[in-house]
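**Student:** Just dropping this structure here.
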Amino acid sequence: MASLTERKNVFVMADEAHRTQYGFNANYDDRGEGIKYGYAKYLRDALPNATFVGFTGTPVASTDKNTQMVCGNYIDVYDMTQAVADGSTVKIYYESRVIPLNLPQNLDLDEAYNDITEDQKEDVKQRLKSKWSRIEALAGAKPRVEALAKDIIQHFETRQQAMKAKGMIVTMSRRIDVDLYDEIIRLKPEWHLDDDDKGVIKVVMTGSSSDPASFQRHIGPKKRHNLLEKHMKDVNDELQLVIVRDMRLTGFDVPSMHTMYIDKPMKGHNLMQAIARVNRVFKDKPGGLIVDYVGIAESLKEALKEYTESDQAQTTIDTDKAVELMLLKYDVIQDMLYNLDYSKFNSDKKSERYYTISNTMDYVIGLGE
């Protein structure tokens, strides 16, 4: 490809650089288009002396795609820890509620999902397809889906008591999306309504008329997806939970989302983009929670290695450690209020609750330093 200019004072700034700035090596397209290169090769041929600057929140570091190798060393890093300190995002908490897949001895789950990513070339995807299908079959087994649905309902209802907000469930396949939805509404039929403008839970996925009949009520045009996204963004809307495979992990900005349930092996920048769905600032939201059903703890640690040293230690907080700290503080508060009767705080009478709060405030102020 001929160059457009040889000038050296040309600057190319690429947003979301982890997506497009690759493809220096040739690939053969068996659909009749012959040898093809990626966008990065053509762009650099056209502007051989330009300076390229990339912006990304999730740099990639895989064998065939490496953001830093393409764009050079970091000029500046605004990491997640600094964003929390600045109040730009909230902390992310991690909770393990793993439901075992009951893998056969000859199937290594870590090996399988470390190999499978959305960035792999088509031939690699095909080689790994059978391995992924076997894991998907185990993850989507009826007893496991039943256990998953029951646990999510119990957990999410408890979360909603503390703060009304939104949640997302991420599964391995559209089949599991549909089966999980059916099981959830079997347990909570009042959550289901056929009208896309109503209902507590929806599946967001693409598909066609050739898909199974059970998929069809969840498949719709782009305007359906936009409508559901609009309902999710409205904290007062009755839609509270969406089930996805991956199509809404990126670009789905719902500040009020406080919980993400992950039942899909994930790694690298895809995992980081997923968990970033719950770290948006919203009113008095104290933090976002990642609930892990499939065992992504090690993948999360590996993903954080692609970020700053401070992020590796501070970005996510294990809920067990948070509970331990909370109990310590609770003991301190109990000691402080030892001589105060606050039993009517849980009274059915609003006046008694208000009086208890006011009386407790006066008592604490009276304690001084």
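Cβ from N, Cα, C; glycine included.
Annotations per TrEMBL:
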DOMAIN    3-125  domain 'SWI2/SNF2 ATPase'
DOMAIN    227-293  domain 'Restriction endonuclease type I HsdR second RecA-like helicase'
DOMAIN    310-366  domain 'Type I restriction enzyme HindI endonuclease subunit-like C-terminal'
**Student:** Mind checking how the domain 'Restriction endonuclease type I HsdR second RecA-like helicase' (227-293) divides into helix, strand and coil residues in DSSP?
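**Tutor:** The composition, in the requested order, is 18 helix, 17 strand, 32 coil.
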**Student:** Take the domain 'SWI2/SNF2 ATPase' (3-125) and average the pLDDT across it for me.
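**Tutor:** Over the domain 'SWI2/SNF2 ATPase' (3-125), the predicted model scores a mean pLDDT of 72.
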